[in-house]
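Asker: Sharing a structure here in structure tokens format.
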Amino acid sequence: MSSLPHTSTRLVVGVGSLLLAVVATYVAVSAPGFPGRVRSWPRTLVGRLRRDVPRGDRATAAWFGVALWSVLVTGLHFGGLHYRVYTTLPWWDLLTHAMGGVGVAAVLAMTHRRTPAADSSWWLIPAVLAIGAGFEVYEFVFKTFWYDWTLRFYVVDTAIDLVINTSGAVVVAVALAGYRRLAESTDADRADEATADDAAAGLDAAE
């Protein structure tokens, strides 16, 4: 009776992914702005959707954008599986992982946009890495596509997937940091203009 592939040298990938998920989680939790109580995130997400979607403003548009992005990623993934695009186009896997990383980071950012977590977006990077590593553990335990892979190929594939996932989160974190800096700069300019207007009005009144 042959042993399961899980007990072969490829166990390194499963164990390594699990350890990476634990370490990345610790880094995310320790990062400035991390929204605590992970178990409450689903409830926070539902509450945020209930408040934001009916508003009809930029937050509503952002949520619809995230939803469309998620549908697109899901379609590309399952379409790629059904039509075997993954085996025909090697870069298809990189595309879906990158888009997945962007999508997960965007959902986390939108969920916690009205909390102290909104003051810093850098916790998104280790958080998405932890989620990606956890997904690799799930694939190792429950999926069979890697059974015929060599250890070297499996390690390289997993490492690339995690790097690409995390790169998507980096894009979101950098974009949010840039947007926040631009918004702060705009608010400061408006405050300066208001102060100047008040000063001018005071001089006119004095004359």
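Backbone N, Cα and C define each Cβ position, glycine as well.
Keep in mind that this is a model prediction, so the values were computed, not measured.
Marked as transmembrane segment by TrEMBL: 12-38, 59-79, 91-110, 122-142, 162-179.
Just tell me what is around each of these and how deep it sits.
Answerer: Tertiary neighbourhood of the transmembrane segment (12-38): same-chain residues 6, 44, 112, 115-123, 126-127, 129-130, 133-134, 136-137, 140-141, 146, 151, 154-155, 158, 162, selected by CB-CB distance under 8 Å and a gap of 6+ residues from either end.
For the transmembrane segment (91-110), the list of distant contacts is 45, 48, 52, 59, 62-63, 66, 69-70, 72-73, 76-77, 80, 85, 118, 121, 124-125, 127-128, 131-132, 160-161, 164-169, 171-173, 176: same-chain residues at least six beyond its ends, Cβ to Cβ under 8 Å.
Residues of the same chain lying 6 or more positions beyond the ends of the transmembrane segment (162-179) and with a Cβ under 8 Å from any Cβ of it are 20, 94, 97-106, 109, 121-122, 124-125, 127-129, 132-133, 136.
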